[in-house]
Amino acid sequence: NRERLSVCSKLCYAVGGAPYQITGCALGFFLQIYLLDVAQVDAFYASIILFAGRVWDAITDPMVGFFISKTSWTRFGRLMPWIMFSTPFAIISYFLIWFVPDISTGQVVWYLVFYCAFQTLVTCFHVPYSALTMFISREQSERDSATAYRMTVEVLGTVLGTAIQGQIVGQVDTPCIGSPFFFGLSNSSVAMEELNMTHDTESLTDTRNAYMIAAGVIGGLYILCALILLLGVKERRESSELQSDEPVSFFQGLKLVMNHGPYIKLIAGFLFTSLAFMLLEGNFALFCTYTLGFRNEFQNILLAIMLSATLTIPFWQWFLTRFGKKKAVYVGISSAIPFLIAVVVLDSNLFVTYVVAVAAGISVAAAFLLPWSMLPDVVDDFKLQHPSSHGHEAIFFSFYVFFTKFTAGVSLGISTLSLDFAGYQTRGCSQPEQVHFTLKMLVSAVPVGLILLSLLLFKLYPIDEEKRRKNKKALQDLREESNSSSESDNTELASIV
């Protein structure tokens, strides 16, 4: 008898993944250019904000995983209360990230505090939500199906985040400052600059208002998705062979998890894959604006990437079930390499850029789906090797996110700092040649190198389709043995009574 999930339950579960992706995509694509050109934060301090925020976000994942492992079950479950109570505070802090305070000093502290606060609160939402995969069903096929639903909605969330933020902000023109080389030093040039100052100030105010409107719309979607998750999904407590009534030793569990070979090899591979796509995500808006010269088109190019990713999620779900997850990794992630090279080798061309965006979206879909589809396989393999150790699901998911976020924070901080060293001009209509070269490296050469390294690491990952089938059968036998043992105990107790 299979424990099937209804389509409605899968959809409600999937919708819960959208808030993290909507806000994460808006921040990933737009926060860097917002800090530099709208809030007018110096590139050096912007790199500190982005680096510290991402690193703090990474640190909070295992912290939240630790506290979740110590949380007692309630009538709502063990994970749902975390989602419920973190939502309103996360929305407030998210809105304040996109607000430009009217203060002469302390602006950097403002963005750092609220960026870190939001990352903490959204972690309190996303870590328990990720671990919920193991608590909606014990059937591997049902979890894989629910994960496919979730990945489709999450990539759709990235489309919404890109579309809402990009289209609202794209309706106004962010004023730029021409290079001093073109102004000269004549009095007429100075007078012309002063004449345009009022118009630039008004345009900048409109741009700031547009960012706050986008933040309000995204905050409303965050609340709606959280409500659908809370009302439509039931957190199922696992059966006795998988659930311990004793408090879980977090550090002992962490030691066991970190010594599990398949887990380390899996997160090492996806670590470099995530780095590649996060570098592309963080710098692509600047690359389109300055290097390619598509200042008024970059939000539509980003939207093309996310739409392509959304439409190809079902294809990758079919591919991994037909050919296996490891083959899907090789084909899906490597498909972006020729297009990432083409976008910097060929001359600036809008049509070619859209083709590259669509191709990159196909690879992004694979990078979105596969980690979350393969992590439950690692957890099942761990349970077979450690049948007496229970309640470590949150550790698996939170530390995977920890490693990817920590290294992404380091890479994003370094990439923004490298733009500062290259001579990035805040609100400049154009940038020096060194900045163009740096952006090409950040969106092409470095991601391609990271993808190739990740493919080499995936060769070491031991859980192929044959191994996965054996683990599934062994787990089923373990459950049947436990159930028959429980029935025998109940029969013996009834006879004694």
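Keep in mind that glycine also has a Cβ here, set from the backbone N, Cα and C atoms.
Lifted from TrEMBL, the feature list:
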- 12-31: transmembrane segment (TRANSMEM)
- 79-100: transmembrane segment (TRANSMEM)
- 112-136: transmembrane segment (TRANSMEM)
- 210-233: transmembrane segment (TRANSMEM)
- 266-292: transmembrane segment (TRANSMEM)
- 298-316: transmembrane segment (TRANSMEM)
- 328-346: transmembrane segment (TRANSMEM)
- 352-373: transmembrane segment (TRANSMEM)
- 394-417: transmembrane segment (TRANSMEM)
- 437-461: transmembrane segment (TRANSMEM)
- 472-482: compositional bias 'Basic and acidic residues' (COMPBIAS)
- 472-497: region 'Disordered' (REGION)
Can we call the transmembrane segment (210-233) and the transmembrane segment (298-316) in contact, meaning three or more C-beta pairs below 8 angstroms at a sequence separation of 6+?
no
Among 79-100, 266-292, 328-346, which stretch has the highest count of C-beta pairs below 8 Å with the transmembrane segment (12-31)?
266-292
For the transmembrane segment (266-292), which partner among 79-100, 298-316, 352-373, 394-417, 437-461 gives the most CB pairs under 8 Å?
437-461
Hey, does the transmembrane segment (394-417) touch the transmembrane segment (112-136), meaning at least 3 C-beta pairs closer than 8 angstroms, sequence gap 6 or more?
yes
Using DSSP, break the compositional bias 'Basic and acidic residues' (472-482) down into helix, strand and coil residues and give each count.
11 helix, 0 strand, 0 coil
Under an 8 Å Cβ to Cβ limit, what residues of the same chain, 6 or more beyond the ends of the transmembrane segment (394-417), are close to it?
32, 43-44, 46-48, 50-55, 57-59, 61-62, 64-65, 68-69, 123, 126-128, 130-131, 133, 250, 253-254, 257-258, 263, 266-267, 270-271, 274-275, 278-279, 282-283, 371, 375, 378-379, 382, 442
Using Cβ atoms and a strict cutoff of less than 8 Å, what residues sit near the transmembrane segment (437-461) while being 6 or more residues removed from its termini?
262, 265-266, 268-273, 275-277, 279-280, 282-284, 286-287, 290-291, 326, 329-330, 333-334, 336-337, 340-341, 343-344, 415, 418-419, 422
In terms of Cβ proximity under 8 Å, which residues at least six beyond the ends of the transmembrane segment (328-346) contact it?
269, 273, 280, 316, 319-320, 352-353, 355-356, 359-360, 362-367, 370, 440, 443-445, 447-448, 451-452, 454-455, 458
